[in-house]
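Trainee: Once you've had a glance at the structure underneath, I'll fire off some questions.
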Amino acid sequence: MGIKTSPTPPLSNPHICIIGSLNIDFVTSTPRCPGPGETLTATALNVTAGGKGGNQAVAAGRASFLTPTSQDVSVSMIGAVGAEDPYYSTLLKPCLEKSGVSTENIEESTDFQTGSASIIVEEAAGGENRILVVPGANHGGIMSDVAQIVGAVKAQEVSPSVIVLQGEIPRKTTLGLLEYFNGGVADDRGCVVFNPAPVFPEGISLEALRNTAVLIMNETEAVQMSRCIAGLSNADAAKLESLQPEELAPRFHDVAGVQVVLITLGAKGVYFSTKSGRRGVVNGVRVPKVVDTTAAGDTFVGYFSTALARFLATGAILEAFDNEIQGAVEKANAAAAKCVQRRGAMQSIPFSYDME
Ligand code: ATP
């Protein structure tokens with residue numbers, strides 16, 4: 001157990017660090033979902049590599065391959081799996097590494113199993129998915145220890161300019177990491193891209209969320225996260241669900257000081273808004289056939305984070321990203337549209353050189 005002590009391979013600027021979950025996905029495709037007590041014959045079972053953290057790391061890595069042989073952004077992953085898990089060594093690890101993600105900081109735990117997700121893809125509903133997650137190692141060892149994670153980030157040869165967090169690790173860890181990394185860019189801590197998926201049932205404190213650089217949510221998560229923000233009257237809270245993205249986003253800027261808010265709208269595309277007033281919608285890409293939407297949101301997060309890391313590596317400040325945001329959203333939206341046309345999680349994420 002414990003983080004490997006072998007030296008991290010030299011990482012070149014810019015650098016992204018993804019801190020999050022790694023899962024093995026058991027994906028069953030079925031014409032329709034069974035009702036209570038009903039048994040159905042499904043179409044197929046695929047065992048694949050997934051987990052929101054791992055998917056986003058793979059997306060960031062693949063986004064950085066502008067050609068099949070050159071990577072312009074280095075990507076590392078901090079996560080945890082079960083020790084000697086054959087699925088890790090044969091599926092997850094090779095997939096991460098072939099996508100240009102450093103696996104040096106993935107803890108191999110003897111106390112916990114690799115996390116898993118049972119995913120049902122309903123073909124009759126346009127590839128809509130239903131997911132049950134067993135956290136396993138994603139909730140133990142290093143993933144429950146903020147100081148250890150911060151130490152692993154600091155030990156990296158190149159300080160990450162972007163830190164990516166999601167909601168599949170313990171809430172306490174996420175709050176601690178948000179508070180630490182949102183604490184000051186001046187201290188070389190990197191900009192946080194936070195994708196609160198799934199939203200913790202207990203919510204997120206305003207203190208932790210305060211000054212998050214980038215918040216990426218789907219429409220449901222945007223409503224759920226709005227409830228976390230202080231300053232809402234009960235009447236407001238009841239009305240949240242009927243609010244449009246352009247009504248939800250300003251609350252995150254004004255109340256929590258979030259710099260960039262991105263609300264993904266499924267087939268309709270993405271709403272974006274910045275604290276300094278840049279806002280708009282990038283329409284969804286019309287695709288011939290939606291096969292499986294698994295990892296579409298993660299593809300968007302990874303691609304957007306890579307664009308941000310490239311921008312910050314020029315020495316520019318986050319506020320100046322306003323001029324680049326539309327292009328970054330368009331590229332990430334196009335990558336996510338590619339993803340929905342393929343089956344699976346990590347395997348469905350496109351490489352950048354394969355995007356045209
Ligand atoms: P998931 O949980 O399925 O990964 P999500 O709920 O986090 O996704 P969505 O808003 O559903 O997020 O989708 C994320 C992005 O994927 C969208 O903003 C869009 O860019 C792309 N996308 C999703 N569905 C479609 C679709 N049917 N056609 C084209 N693009 C899509």
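Note that the numbers count up from 1, one per residue, in the order the chain is shown.
Using the three backbone atoms N, Cα and C, a Cβ is placed for every residue, glycine included.
Sharing the record's features from TrEMBL:
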{"type": "DOMAIN", "residues": "15-350", "note": "domain 'Carbohydrate kinase PfkB'"}
{"type": "BINDING", "residues": "Asn23, Ile24, Asp25, Gly51, Lys52, Gly53, Gly54, Asn55, Glu168, Asp298", "note": "substrate binding site"}
{"type": "BINDING", "residues": "Asn218, Thr264, Leu265, Gly266, Ala267, Lys268, Gly269, Gly297, Asp298, Asn333", "note": "ATP binding site"}
{"type": "BINDING", "residues": "Asp292, Thr294, Cys339, Arg342, Gly344, Ser348", "note": "K(+) binding site"}
{"type": "ACT_SITE", "residues": "Asp298", "note": "active site, proton acceptor"}
Trainee: Rounded to a whole angstrom, what is the C-alpha distance between Ser348 (K(+) binding site) and Asp298 (ATP binding site)?
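Mentor: That separation, Cα to Cα, works out to 11 Å.
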Trainee: Got a sec? Which of these binding-site residues, Leu265, Cys339, has the most Cβ atoms within 10 Å?
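Mentor: Checking each of Leu265, Cys339, the winner is Cys339.
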Trainee: Looking only at Asn23, Thr294, which of these binding-site residues has the biggest number of Cβ atoms within 10 Å around its Cβ?
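Mentor: Within the set of binding-site residues, the most crowded position is Asn23.
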Trainee: Which binding-site residues from the set Asp25, Gly54, Asn218, Arg342, Gly344 come near ligand 1, judged by a Cβ under 6 Å from any of its atoms?
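Mentor: Listed by sequence, the hits are Asn218.
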Trainee: When you measure from the Cβ of Gly269 (ATP binding site), how many other Cβ atoms are you left with inside 10 Å?
Mentor: 19
Trainee: Check the Cα distances from Asp298 (ATP binding site) to each of the binding-site residues Asp25, Gly54, Glu168, Arg342, Gly344 and keep only the ones within 10 Å.
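Mentor: Neighbours among binding-site residues, in sequence order: Gly54.
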Trainee: Would you mind checking how many other C-beta atoms are within 10 angstroms of the C-beta on Arg342 (K(+) binding site)?
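Mentor: Arg342 (K(+) binding site) is surrounded by 15 other Cβ atoms within 10 Å.
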Trainee: Please identify, from the binding-site residues Ala267, Asp292, Asp298, Gly344, the residue with the sparsest Cβ neighbourhood, meaning fewest other Cβ atoms within 10 angstroms.
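Mentor: Counting other Cβ atoms within 10 Å of each of the binding-site residues Ala267, Asp292, Asp298, Gly344 gives the minimum at Ala267.
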